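Feature annotations, reproduced from Swiss-Prot:
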DOMAIN    2-148  domain 'Globin'
BINDING   His65  O2 binding site
BINDING   His65  nitrite binding site
MOD_RES   Thr68  phosphothreonine
Amino acid sequence: MGLSDGEWQSVLNVWGKVEADLAGHGQEILIRLFTAHPETLEKFDKFKNLKTPDEMKASEDLKKHGVTVLTALGGILKKKGHHEAEIKPLAQSHATKHKIPVKYLEFISEAIIHVLQSKHPGDFGADAQGAMNKALELFRNDIAAKYKELGFQG
């Protein structure tokens, strides 16, 4: 399940492009998540009232949350699978406070892949997509394992 050095390099290469515009990428990823899976909006009191992509685009709170999400994910990706210290508090908050099911992490992973494909087609070919999918699956599996330890049936 682990990634090779080359795969991690591919992941971090495209992630550098994400970090160049965290707000733009984060906003686009969350809009994609919320429009493709409207049920995910119910987990966000701040965003429940946003019904259209235009309303979502106009929300500064949504933009800020996108930065928060991608900053945390970037920190995890840069650990190249050695992310225990980063995963533990994230799993704790998402299991006990936010009650985010693992399925929703799959949905946001799909949104990340989609947005990276559309924004960076030259840097996100099949190999890079495969590597990113593996990295996101590793992240989800480790979150799911922590959820289980916490007794959360997410």
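A Cβ is built for glycine as well, from the same backbone N, Cα and C atoms used for every other residue.
Mapped onto three states, the DSSP output places His65 (O2 binding site) in helix. According to DSSP, the secondary structure content of the domain 'Globin' (2-148) in residues is 114 helix, 0 strand, 33 coil. The average per-residue pLDDT of the prediction over the domain 'Globin' (2-148) is 96, rounded to a whole number.
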